[in-house]
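Colleague: Supplied in structure tokens, the structure appears directly below.
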Amino acid sequence: MMKIKVNLAPYLLLSGAVAVLFVLTIYPLIFSLALSFHKWSLTKPGPWRFVGLLNYVSIVTNPVFWQIILNTSIFTFSAVGLQFTIGLGLALLFSREIRGQNVLRSIVVLPMMVPPILVGLIWLFMYKRDFGIINYMLGLLKIEPIAWLSKPLSAMPAVILADTWQWTPFMFLLLLAGLRSLPKEIYESSQIDGASSWQIFRYVSLPLLKPIISIAIIIRFMDAFRVFDKIFQLTGGGPGVATETISLYIYRNGFRYFNMGYAAALSYLAVIMIIAFSMIYIGVLRRVGER
């Protein structure tokens, strides 16, 4: 009978990484999923009390939750839309040969390197009513200073602008890399055929960039949907709940009210919404591509 030798060395080398992955990722996911079906408060230590779907029912029947979803949607779609539009414009500009391109590109990318909590602090000082640079510039134009972060109508645009400033470079880099990877022969053929710059962009560049655009939008959507640090630093979700997003709502229920089961259920609902949007977006792109 032939004996089969099994080399255990690769499995032993992988075991450490698998153990770390389980402890830091898989176990917390299982733990939080189980917690979402229980009632447990950090202020009242004791055994978990099983409540089934009560946490989920309480969430979806709470009007505040739907206001939070509306806030999150407004922030996410507005921020990602602005970042894509500006990033695409910058990518088209830098795809051509311009003087000092390397230096300018480094300056454009710089905001992406700043930690988000520091971005919030920078813009917090810029939005200050009495000594912020934005109100100072408005004063030069004889416009009264605005309390940007204290009014519901201006608070959301203010945090969207801060996020756009930081993450537009991400869109810019991905789209620029995509544009530079396109074959030059297609552009030369289009120019020989007499196509205008707009026609080349509409019928050549955009269709070829669709995979890159899809990846960029999905990545930024997932990141913007769960934004926490900048809004926490700028407004704390206020005034009222005008800028409170799903991440802040989860934090508030988990670490201010210590309702851990409710917060865990909120987390899973947020994950489900992100996955649902991604699947719908990919499905729409596939249908458009098949036409």
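Backbone N, Cα and C define each Cβ position, glycine as well.
As annotated in TrEMBL:
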- 69-281: domain 'ABC transmembrane type-1' (DOMAIN)
- 12-38: transmembrane segment (TRANSMEM)
- 50-69: transmembrane segment (TRANSMEM)
- 75-95: transmembrane segment (TRANSMEM)
- 107-127: transmembrane segment (TRANSMEM)
- 158-179: transmembrane segment (TRANSMEM)
- 200-222: transmembrane segment (TRANSMEM)
- 262-285: transmembrane segment (TRANSMEM)
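Any idea what these are sitting next to in the structure?
Modeller: When Cβ-Cβ distances below 8 Å are used as the criterion, the transmembrane segment (75-95) is approached by residues 101, 104-105, 108, 156, 159-160, 163-164, 167-172, 174-176, 178-180, 201, 213, 216-217, 220-221, 224-225, 227, 231, 243, 245 of the same chain, each at least six residues removed from its ends.
Counting only same-chain residues 6+ beyond the ends of the transmembrane segment (107-127), those with a CB under 8 A from a CB of the stretch are 90, 94, 133-135, 148-149, 158, 161-162, 165-170, 172-173, 229-234.
Remote same-chain partners of the transmembrane segment (158-179), defined as residues 6 or more beyond its termini with a Cβ less than 8 Å from a stretch Cβ, comprise 75, 78-79, 82-84, 86-88, 90-92, 94-95, 108-112, 114, 116, 119-120, 123, 127, 148-149, 205, 208-209, 211-213, 215-216, 219-220, 223-224, 227, 230-231, 234-235, 243.
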Colleague: Between 12-38, 50-69, 262-285, who has the most Cβ pairs under 8 Å to the transmembrane segment (200-222)?
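Modeller: Looking at each of 12-38, 50-69, 262-285 in turn, the most contacts to the transmembrane segment (200-222) are made by 262-285.
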Colleague: Taking a Cβ cut-off under 8 Å, which residues six or more beyond the ends of the transmembrane segment (12-38) line up next to it in the same chain?
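Modeller: That would be 48-53, 55-56, 260-261, 264-265, 267-268.
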